[in-house]
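K.L.:
Please see the structure below; I have some questions.
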Amino acid sequence: MASDELPVAAAATEEEDLVEILDEGSGRLDIARYVDHVRDLAAGAIATFEGTTRDSFEGRRVVELRYEAYGAMARRRLAAILREARAAHSLRRLAVAHRLGTVPAGEASVFVAASAVHRADAMEACRYVIDEVKASVPIWKKEVYDDGEVWKENREFLDRTTTDGTTASSPAPATRPAKGGGCCGRKVRVNES
């Protein structure tokens, strides 16, 4: 190494990536903490995505969102998504966090941060992570209006569903449609043992 070159610290490993699912009552996401986690002297860029609860949807006033999850599976899938992002992009550090329970209008429910030497890697990784979170993590959202409520379907998940009921994250074929209309009607299929 030349005398005028500074050593570059190694990028964080996947074991150092920050994955959090905050249980109901844990309060707001600590955005500064996640940004600080991905901060790295060798990084020339930090990209973030903050998903917030909007106050209206299709002319209806949104009061809050309510999130439920299969926690252990959601954590495993989030960690896998970060590994996939690392495999596809040259990254320094990653963080992803998602709230469960009630998230009032104006507050953040999900946050993604990625750092990289160059901005393109950080921005592309950040987009990849949030797209995969929406498409494949078992977290469900109920939108609560001032005049009712409805479970929301993720278009990203439905876009991946094939005509035989399989998805990118669930390769087992479906055998019959679920009974009744439910929140998803014919889009949900049940495998019989």
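Quick reminder: no glycine exception, Cβ is built from N, Cα and C everywhere.
Okay, so Swiss-Prot annotates it like this:
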type     : residues                           : note
BINDING  : H118, R119, K134, K141, K142, E143 : substrate binding site
COMPBIAS : 163-178                            : compositional bias 'Low complexity'
REGION   : 159-193                            : region 'Disordered'
K.L.:
How many neighbouring Cβ atoms, not counting its own, are there within 10 Å of the Cβ of K141 (substrate binding site)?
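P.N.:
I count 18 other Cβ atoms within 10 Å of it.
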K.L.:
Check each residue in the chain of K142 (substrate binding site) that is at least six apart in sequence and keep those whose C-beta is under 8 Å from its C-beta; list them in sequence order.
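P.N.:
Those within reach of K142 (substrate binding site), by Cβ under 8 Å and sequence separation of 6 or more, are L65, R66, Y67, E68, E149, V150, W151, K152.
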K.L.:
Across all protein chains in the structure, which of the binding-site residues H118, R119, K134 has the highest Cβ count within 10 Å?
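P.N.:
The most densely surrounded of these binding-site residues is K134.
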K.L.:
What's the number of neighbouring CB atoms sitting within 10 A of the CB on E143 (substrate binding site)?
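P.N.:
Within a 10 Å radius of the Cβ of E143 (substrate binding site) lie 18 other Cβ atoms.
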K.L.:
When DSSP is mapped onto helix/strand/coil, what comes out for K141 (substrate binding site)?
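P.N.:
For K141 (substrate binding site) - judged by DSSP and reduced to three states - the answer is strand.
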K.L.:
Any idea of the Cα spread of the substrate site, H118, R119, K134, K141, K142, E143, as a max distance in Å?
P.N.:
37
